[in-house]
Each structure stands twice: as structure tokens, then as C-alpha cells.
Amino acid sequence: MSNDPVPPTPARRGLLIILSSPSGAGKTTLARRLMAWDPGLRFSVSATTRPPRAGEVEGREYFFRDRAAFMAMVAAGQMLEHAEVFGELYGSPALPVEEATLAGRDVLFDVDWQGGQQIRNSMLGKHTLSIFILPPSIPELERRLRARGQDSDAVIAARMRKSRDEISHWPEYDYVLVNDDLDRTEKKLKTIVSAERMRISQQPGLVEVVRHLNREFEARQ
Ligand SMILES: Nc1nc2c(ncn2[C@@H]2O[C@H](COP(=O)(O)OP(=O)(O)O)[C@@H](O)[C@H]2O)c(=O)[nH]1
Ligand SMILES: Nc1ncnc2c1ncn2[C@@H]1O[C@H](COP(=O)(O)OP(=O)(O)O)[C@@H](O)[C@H]1O
């Protein structure tokens with residue numbers, strides 16, 4: 001048995017980690033904490049036609065594009081997925097995702113339910129992990145949107161109206177977290193990601209480990 005030719009060990013393909021929630025539930029905050037925890041994780045920076053908020057930096061939070069430039073990227077097949085949310089276009093550029101996952105790095109997406117569906121059904125969507133974040137209550141969701149202090153009353157009202165529709169898609173996700181206490185939710189999120197990385201499908205090197213153990217058994221005989 002120890003003379004068997006060693007099968008080629010397939011390299012690990014990175015996971016596509018999808019985070020969705022109604023606006024204000026806390027996914028941007030949680031995504032930042034996950035990125036700080038694991039510097040190997042790559043954040044998928046989306047393109048959007050929405051104007052930048054105070055403090056947002058081109059290429060860090062988003063690539064800010066006008067409609068024509070955005071649609072040109074779509075027409076050129078450069079988007080892994082794209083959708084209209086709150087009257088603006090949002091999309092995930094495909095190339096950085098392809099490069100990162102080929103190199104074995106996991107990629108984190110902050111996208112709405114439409115993006116989640118399209119990513120799962122895409123060419124790169126074989127290994128996805130999707131997590132939906134719920135707010136503890138609707139008044140608390142509104143409080144958080146206001147506390148963020150970034151949006152006008154009209155924008156907040158539009159986001160609140162849309163949140164029911166977004167929430168209705170929770171059963172499409174692998175995991176659901178209620179983001180009541182931020183630190184506790186962060187811990188749960190990290191637990192989910194850690195466990196997912198230990199799946200057999202995520203550890204192609206296991207073939208070699210077990211082969212080695214078998215060689216050691218044989219050496220004892
Ligand atoms: N489908 C899709 N949705 C996105 C993308 N980027 C962001 N979104 C979603 O668009 C919505 C609005 O995002 P944003 O304007 O940053 O507002 P916020 O989530 O309320 O802070 C959120 O549900 C995001 O998850 C993307 O590339 N594709
Ligand atoms: N568990 C929590 N408890 C209280 N405030 C929170 C919690 N999670 C996030 N927040 C706050 O709520 C606001 C909205 O969070 P954000 O991450 O921007 O949401 P989203 O990206 O889902 O729109 C922010 O001011 C953030 O600091």
C-alpha cells in the first residue's frame with residue numbers, strides 16, 4: 001500500500017463567504033471585524049453608482065462609478081453578479097475573486113439577497129458559505145440606521161421599507177445570526193467561518209496526512 005503512486009493533491013480553492021442583511025443590521029461592522037481577525041481574507045470591493053458617504057474611500061469601501069461606466073463593466077462580462085438596490089446599481093467584479101480563490105484565499109462579500117443568489121449560481125459558486133444577519137427588532141434596526149448618521153430621513157425610510165423584503169430571503173442562507181450583542185455576534189461569525197474551513201472539502205491536504213499515518217502504521221508491523 002505504501003508503494004501506491006501519490007495522487008496529485010488538488011490545491012484548496014478559496015471559499016466565497018456571503019454576508020447579507022437588511023440595511024442597518026450590522027453587516028458592514030461585522031465584515032470589518034472579520035477582516036481584522038483574518039488578514040488572509042480578501043474583501044470583495046463592489047462597484048456602485050451610489051455616491052460616496054463621508055469617510056468612504058474609492059477602492060476601499062466601493063469603486064464609485066457612473067451608470068455608463070458601471071454598465072460598460074457589465075457588458076464586458078467583468079461582473080460576477082450585479083443588481084439594483086435602493087435605485088442604485090451594485091456589482092462584484094469577478095477578476096479579484098477568481099484570482100484570490102485560485103490562490104486558496106477566502107473572499108468576503110457584503111451583498112444583498114440578489115447578489116447572494118447570483119454568486120451561489122455562478123461559475124465560481126461551488127464553495128460558498130452564506131450568512132444572513134437579522135436585527136433583534138425593527139425599532140432597533142431603525143435606531144441603528146439613524147445612529148449611523150449617514151442618511152437623510154427619506155433614505156432611511158426607503159431602507160426601512162425594503163428591509164422586510166430583504167429579511168424574507170433568510171431561508172436561502174446557510175446560517176442566520178441575530179445581531180443583538182455585537183461582540184457575541186462577532187464571536188459566532190468567527191466560529192462559523194472557522195468550522196467551515198475544517199470541512200473535508202476545504203482540506204485537500206488531508207489525503208496526504210492520512211497517507212502518512214498509514215505509512216506509520218505499516219512501519220510498526
Ligand atoms: N448585489 C449586490 N449588492 C451589493 C453589492 N455591494 C453592496 N450591496 C448591497 O447593497 C445594499 C446597500 O449597500 P450600502 O449602500 O453600502 O448601504 P448599507 O448596507 O445600508 O450600509 C446592501 O444590502 C449591500 O449588501 C454588490 O456588489 N452586489
Ligand atoms: N449589535 C449591535 N448593537 C448596536 N449597534 C450596532 C450593532 N451592530 C452594528 N451596530 C451599529 O449600527 C449601525 C449600522 O451598522 P452597519 O454595520 O453600518 O450596518 P449595515 O452594513 O448592515 O447597513 C452602525 O452605526 C453600527 O455601529
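All residue numbers here begin at 1 and follow the chain in the order shown.
Every residue, even glycine, has its Cβ placed from backbone N, Cα and C.
What TrEMBL lists as domain 'Guanylate kinase-like' is 14-194. Regional average pLDDT for the domain 'Guanylate kinase-like' (14-194) in the model is 96.
If you look up TrEMBL, you'll see SER21, PRO22, SER23, GLY24, ALA25, GLY26, LYS27, THR28 marked as ATP binding site. For GLY24 (ATP binding site), the same-chain residues that are 6 or more apart in sequence and have a Cβ closer than 8 Å to its Cβ are PRO135, LEU141, GLU142, ARG144, LEU145, ARG148, ARG159, SER163.
When the binding-site residues SER21, PRO22, ALA25, GLY26, LYS27 are checked against ligand 2, SER21, ALA25, GLY26, LYS27 have a Cβ within less than 6 Å of one of its atoms.
By the rule that a residue counts when its Cβ sits under 6 Å from some atom of ligand 1, the binding-site residues ALA25, GLY26, THR28 yield THR28.
According to DSSP, THR28 (ATP binding site) is assigned to a helical segment. A 10 Å cutoff on Cβ-Cβ distances gives SER23 (ATP binding site) a total of 23 other Cβ atoms nearby, all chains included. Around the Cβ of GLY26 (ATP binding site), the same chain contributes ILE133, PRO135, ARG144, ASN179, LEU182, THR185, each under 8 angstroms and 6 or more positions distant in sequence. Taking every protein chain shown into account, SER21, THR28 are the binding-site residues, and of these the Cβ with the most other Cβ atoms within 10 Å belongs to SER21.
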